Amino acid sequence: MSLEKKENVINICISPTKPPVAEKLPVTKTFWNINKEMLRFKIHFFLFLGGLAAGVPYVIVLAKNRIGISASSLGVVLTGQMFLFIFTKPIIGYLADYYNKLKEIISVLIDETLSPTPVTELECISCDFLKQTRETPSFRKKDYQTYQFWLFSMLDTISAICLSGIFTLSDTACFESIQKHRGDFGKQRLWGNIGWGFVALLAGFLNDYTNDFLAAYVLMGILLSLFLWNISKIDLVKPHYSKNILKDVGTVLRSREFLFFEVVIFCNGIGTGIIWYYLIWFLNSIGGSELLIGLSLTVQSIVGGIPFMFFSGWFIRKFGHFNLLVVSMAAYGIRFLWCSYLQNPWWILPVEFLHGINYGLYYTVLGSYAKLSAKPGTEATTQAILSSTHEGLGAGFGCVLSGMGFDYFGGRQTFFYLSIFCMCAVFNGIVFSAYLQTRKGEAKFTSPNEKS
């Protein structure tokens, strides 16, 4: 410090002892930048859906070709499962909300999913003599007279109930945790599509190469075991707990907008049940190999699912939750109409990119709206209610319609009738959207939290 006096004016000069701190510039993230906080969630979805892709899609082929179950009989089994989801999903969601033990419940459900797999495989090996060559209604009664049919039904139902619960809890917990870290749920969820697409193709190749399902089921067990190890490293503890879960959920259910949402979810669920189970059945019946089935699943996940999941946030902000569900119904209508004219099974591939709307975008919308519409501490229960409408009521009716249609009308005619149904559902969705616009000015759903 120095003092300088001149004509009664004192100038004080201060020499800094430290250089001035440079202003920090914002760090620009490169395309290849890896968010370590999100890495575990990417692995979570990749292992979970990849593990399921190794076994779940081929259960339909196993039931059709190894046990010889008819389309109607399989439809009865699947419909029973879907309607059980109506009760099991909310119960599992309620237990998760009440005890706040997500990791433990998910681990138990994974163990129960894997347990019936070896028994199912061994029993189906001894079922070759049960293959049926006719599909008349009178011959179908023999399905229910075999213990293999009932054993398959029981074991597959146990696995299906556990898987439906895992989907609900996993999406709810991950959405909550990803949001806490300011991440994009859709961009993490797309890694599940990557896992599903690649592993489904690998499993289809293994099934064709070995002429058996055992290798694919072993792969399923390995991936789901790694999934359990990874989930033990993730913080999935729910930050909120509601002491009045039933009352808070009742507030959500009394919302008129929520009920509109449920109607459209139900219609989408019908399409989902058909795509999940009877598209594979149809491709196999017109000469499609298991490798082609795996390739179609790869196109669904990689070509269709990933882009729509990646940009799901933009789509939701631009068009809104409700309007995107109506678009999903239109995509189902196009896919079913395409299948009704399909002769060569390989021509299924060009239209399968629409699965990105029906799955990649749809499930992100579902998870996002469940979070927005739920009161704190009821997220898992609210998600379970939406999923029960979709995978329980909706997919259950879809299995009934397609199972009976395949046996009585044939696959192509059934798909044609279903395409008409989807387009009628789209028209109803447009009417609902217009009604909401007249009431609110826009088709936007409000959270119950905003009303209170």
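Cβ coordinates are placed from backbone N, Cα and C, and glycine is handled just like the others.
Remember, TrEMBL labels are computer predictions, not curated facts.
Since this is a predicted model, take the numbers as computed values, not measurements.
Mean model confidence of the domain 'Major facilitator superfamily associated' (39-416) amounts to 81 (pLDDT, 0 to 100 scale). If you look up TrEMBL, you'll see 39-416 marked as domain 'Major facilitator superfamily associated'.
Per TrEMBL, transmembrane segment is recorded for 43-62 (among others).
Sequence annotations record features per position, and here TrEMBL assigns transmembrane segment to 74-96 (among others).
The transmembrane segment annotation in TrEMBL covers 147-169 (among others).
TrEMBL lists 190-207 (among others) with the feature transmembrane segment.
Residues or ranges marked as transmembrane segment by TrEMBL: 213-237 (among others). Cβ atoms under 8 Å from those of the transmembrane segment (213-237) belong to residues 40-41, 43-44, 47-48, 50-52, 54-55, 58, 62, 100, 102-103, 106-107, 110, 113-114, 117-118, 121, 124, 173-174, 177, 195, 199, 202-203, 206-207 of the same chain, restricted to positions at least 6 beyond its ends.
The annotation transmembrane segment is assigned in TrEMBL to 258-279 (among others).
The transmembrane segment feature in TrEMBL is assigned to 291-315 (among others). Within the same chain, residues 53, 57-58, 61, 184-187, 189-190, 193-194, 196-198, 200-205, 207-208, 279-280, 283-284, 324, 345-346, 348-349, 352-357, 359-361, 364-365 sit at least 6 positions outside the transmembrane segment (291-315) and bring their C-beta atoms closer than 8 Å to a C-beta of that stretch.
Annotation comment: TrEMBL describes 322-343 (among others) as transmembrane segment.
Taken from TrEMBL, the feature transmembrane segment applies to 415-436 (among others).
Count of Cβ pairs under 8 Å against the transmembrane segment (190-207): among 43-62, 74-96, 258-279, 322-343, 415-436, the largest is for 43-62.
Distant neighbours of the transmembrane segment (322-343): 260-261, 264-265, 267-268, 271, 274-275, 279, 282, 286, 315-316, 351-352, 354-355, 357-358, 361-362, 365, 411-413, 415-416, 418-419, 422-423, 425-426, 429-430, 432-433, 436, 443, 445; these residues of the same chain sit at least 6 beyond its ends, with a Cβ under 8 Å from one of its Cβ atoms.
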